There are 2 protein chains.
Amino acid sequence: MSRSRDAVHEILRRSESFRSAQDIFTEMRSVGAKIGLTTVYRALQALNDDGRVDVLRTDDGEAVYRACASGVHHHHLVCRACGRTVEVAGPDVERWAEAIGAEHGFVEITHTVEVFGTCADCSGPR
Amino acid sequence: MSRSRDAVHEILRRSESFRSAQDIFTEMRSVGAKIGLTTVYRALQALNDDGRVDVLRTDDGEAVYRACASGVHHHHLVCRACGRTVEVAGPDVERWAEAIGAEHGFVEITHTVEVFGTCADCSGPR
DNA sequence: GACAGTTTTGACAACCGTTTTCATTTTCCT
DNA sequence: AGGAAAATGAAAACGGTTGTCAAAACTGTC
Ligand SMILES: [Zn+2]
Ligand SMILES: [Zn+2]
Ligand SMILES: [Zn+2]
Ligand SMILES: [Zn+2]
């Protein structure tokens, strides 16, 4: 798994928002790349397994992917309108999650945190 | 929408973990209730519209529902093994989300936060 | 109670994103 | 070049969810 995996990774690196498999597939086809939808799905899950892309689920259950610049644990601030995404750190949140878990006797704590809003460009000069 | 909506709500109130539509449907049928899967789905989305149940997506995209005791904004600490769920508050997290959004010029901030772990019963006396 | 109008129900089909299958193509190594 | 192994993609299968539509249940009125 290499040729197309890199192609998919490249698409994601060029994008600053989360993208769906179908979305990526359509873009690649529209610029003449000959690739199958199945391969896009496989590339995405390989990239995710390797920790090279982040994935999250939209409200309607679609998986969307992003090649994040940061290799370490972080979260996302996503514009509801244009999808633009900023990677953010939240040391306080990390500590809070651990603490709240411990407080109730839970171990091996993990968490998911996403922040949504409307970015400056999209809320715009009214 | 009433009879079956209440029945579904009741099932959820009796459960302390998040449940899927299929799951609820199977339980209801197994105790002799005559209800259709479609109706369960409709009841769940109605309850959610009314803000009476919380919904979240599992990693594989399935929607799961829970009738939370708290009517106000809160988050969940979920056991990966048995599903047992504790409602938790995180004032620090609320403030952090607002602040991080504002810091990047985003407005109308919302967020999703879920904490996962293994509960005391499930991690058990090794 | 009978009746007409409205709402709810549920079997079934349609949808849609994702995964599996499997035969073909490409890549890699000698 | 030759053969084994990995990658590819078209099409079928899958699983959760939503749409369809005719039948059933509920509503209020005479
Ligand atoms: Zn925006
Ligand atoms: Zn974190
Ligand atoms: Zn547990
Ligand atoms: Zn919150």
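Glycine is no exception: its Cβ is also placed from the backbone N, Cα and C atoms.
Record check: TrEMBL places A:Glu94, A:His111 at the Fe cation site, and the matching candidate among A:His9, A:His73 is A:His73. Here the candidates are the binding-site residues A:Cys79, A:Cys82, A:Cys119, A:Cys122. The one whose C-alpha lies nearest to that of A:His73 (Fe cation binding site) is A:Cys79. Residue pair A:Cys79 (Zn(2+) binding site) / A:Glu94 (Fe cation binding site) shows a Cα separation of 23 Å. Long-range Cβ proximity for A:Glu94 (Fe cation binding site), meaning a same-chain Cβ under 8 A and a gap of 6 or more residues, is found for A:His73, A:His111.
Each of the binding-site residues A:His73, A:His111 was scored by how many other Cβ atoms lie within 10 Å of its Cβ, and the smallest score goes to A:His73. Proximity to ligand 1 (Cβ under 6 Å from any of its atoms) holds for these binding-site residues out of A:His73, A:Cys79, A:Glu94, A:His111, A:Cys122: A:Cys79, A:Cys122.
Every protein chain shown contributes to the tally, and the Cβ of A:Cys122 (Zn(2+) binding site) ends up with 16 other Cβ atoms within 10 Å.
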